[in-house]
Each structure stands twice: as C-alpha cells, then as structure tokens.
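> Just dropping this structure here.
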C-alpha cells in the first residue's frame, strides 16, 4: 500500500518517532512481532505480546545507556565468522552470535572455529552512519513501540535456538569419550574375584540383639544402635553374684552369648525365686514420671494386674517384666545370682533403709562397685508416706519391721506387691538376707 492511499489518521500513526512526547493511542491494529527488523523499521506491538515484552531480536543486540529512562536503547554487535571462510556440512558458512559481555567477546575471538578449527574474527555492525544499528523500545499505554535506525551491513548470525542446539550437539559428541574414561576408572577400582575388602572399608551396624563380637584389632567405622544399647545398659550394667562372692559384668557375657539364650538362662536361674517383674516398680526412665503413676502401679499390683505387661519400653527387645531380677539368692551356689542395682550412689540418698534387718549377720553383704559416671539419669521416685508397709531408717532399729516367719499366713508375693519400691528401695536389695 502506497503512502498516498493512507488517510490523515493513518499518516499520523506512521509519522510518529520514538522520541516524541506523545505517541498515538488510536491504533486499530497492532503488528506481528518481527524477528529480523531492519532498514529503519517501525512497529507497534500489543502490550500483551510476550516477545515484545522481552524485547527480543534475532540480531545480536546489547543494552546501551540512554538519557531517556522511558526508552530502552539497544545496539547491534555484528557477527562472528570463520577466518578461513569455511563451509559447514549443510553448505552454509559459519556465522556465530557475538558474546554480549566485552571480556567474553574478546575471549570468544581467541577461540577456534567449531567447523574447521580455524581462527575466528568479529565483523562489527556499521549500518547507522558508521555506528551500530540501534533499536529503541518504549512502553506507552496499551502498546509497545519499536523503532530501528540503520541498516545492518553484515550477515545474520545464528539464532539463539540454533546456538543452543549447536552446543548440545557438541556435548553429545564429547560425551562418549568422557563415558569411556569413567568406565575405565570404574574397572580399575573394581576388586578382583579373589580379593576381599578390608574391614576398614566396610561400615558395620551393631546392635545388642545381634550379639556380634568384634575382633580386638578392628579399627573400622562402627555405627552403634545407641537408643537400644543405652536402654539395655541400664538394665544389664551390673549384676551381683552371691554364690561366687564377686561382681559379674553382664555386658561382657552378652557380647559372646546369644541374647535369647541369655534370656532363657536367666529365666531358668530365677525360676526358683520370685521374679521382680511382679514385685518391683519399673526403674527405666520414662515409664513412671511422677508420684501419681507410682500410686497407680501400686493399685494395679494390689488388684493382681501387671501394669508393665501392657506397656513395654520401646527400646527393649523384651518387656521390662520379663527380666528376671530376683530377690533371694539361688539355691545352687554355682549359678550367678543377678540383681538389679541402682545407677546412683546409695550414700547420696538419705531415705534408703534396708528392707529388713539381717539377723544372720553379714552373710551376703559385700561391697558392690557402681559406676557413678553413667550418663543415664535415673528418675527419683518418692514412695507414698501413707503406705502401711513403708520401712524406716536404719538408724532406728526399734521401728524396723521384722521378717515374717514361714508360718505367717501372708504370702510373700502378696506382701511385696503392696510395697511401693522405687530406685531408693532398690538400694536396700544390696543387703538382702535370705527370705526363706
């Protein structure tokens, strides 16, 4: 369409300049986005055009300073060509996009041609009176105005999509060599069929239930099952042997004996005695937290209900009531008598009297070494003072209860059920005399 065919309104739209104070707003039809604008072109795009919003152009353009903040100014960088003027396989020449940054562009010129490995050179744009072609962008109302000044005097460079595709193909071509190198390295590190890996390179996971005994010369990494191990150490830290008159460390036995066999052995050795699962309140941390829970345990025990049979400590492989911590010594002196010992020193507790006076003298009394440096803190429980069977201090022998005789009608299990024993009363068991 010739300019003479336009009316006055259309001529006003075509005669605008990007630097005008007021741009035309009575635009009836916007232009399609142009990828290669050239030769002093003018375009009016919709403000909703994504490409216009991003100020895209297939020419290699970079932002330049402009005194007018409302106008975005971009100048052309030219094109990078091969110094040997080589041709690609498709029969076309190599036209690369110049880098936007000045330092990157200088570095790019020192690289080699991707096709013939020849030198690269930059052809600058001088299409606007000896200066680069300049593009102007301006957002005004519902439209985006574009104006190009100058005519490009160099070939079109490759588009951004073509440049990305070329880089991807280059990575694909170099990938097989890198994969072969990685496979070669993996075969070198792979052990031979006759070789065995050392213990130092194999991490081990050890728990108490597995019963694993590590060699003394082992120096590898050990990943311990700390929650379960700590809880088991609370129950099996110490044991007292009345028959042998010494101290037996259960942790040494559990390292060589299967836990199930150890459990059955302890259960067999305590079959002739009274099990503490029905007599003693729980001593593990977290089972009873206050005085009210202890009273509830005493009431349940009075009704013949085992409260611990339903609530098992999650870190124990067996319920707490199933560990046979007995009161009386074994009839066979060759079998070790295991007894639950406190984790705190008896001297630090003022309200810890002996269970009954020892009329037979120091028959089974002996000093037991207790590790006071244990990191597990045992909760302190206070026995209810209204308990009619609460024992008093050892300094008042006239207030202590005597041991019931064999002819007494009270059953020993029923009698001990009413006792509110806690960690404090567990210390009395060290000086326990024979009950029968």
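The chain as shown is numbered from 1 upward.
Here the Cβ of each residue, glycine as well, is placed from N, Cα and C on the backbone.
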> When you get a sec, could you say which of 171-202, 203-234, 235-266, 267-298 is annotated region 'Disordered' by Swiss-Prot?
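Range annotated as region 'Disordered' by Swiss-Prot: 171-202.
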> Nearest by CA distance to residue 82 (Zn(2+) 2 binding site): which of the binding-site residues is it, out of 76, 125, 152, 154?
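Given the candidates 76, 125, 152, 154, the nearest one is 154.
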> Where's the emptiest Cβ shell within 10 Å among the binding-site residues 82, 113, 116, 125?
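Per-residue Cβ counts within 10 Å for the binding-site residues 82, 113, 116, 125 bottom out at 116.
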> Counting across all protein chains shown, how many other Cβ atoms sit within 10 Å of the Cβ of residue 152 (Zn(2+) 1 binding site)?
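The answer is 21.
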> My understanding is the cutoff is Cβ-Cβ under 8 Å with a sequence separation of 6 or more in the same chain; which residues meet that for residue 86 (Zn(2+) 2 binding site)?
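When sequence neighbours closer than 6 are ignored, residue 86 (Zn(2+) 2 binding site) has 93, 94, 113, 115, 116, 118 within Cβ distance under 8 Å.
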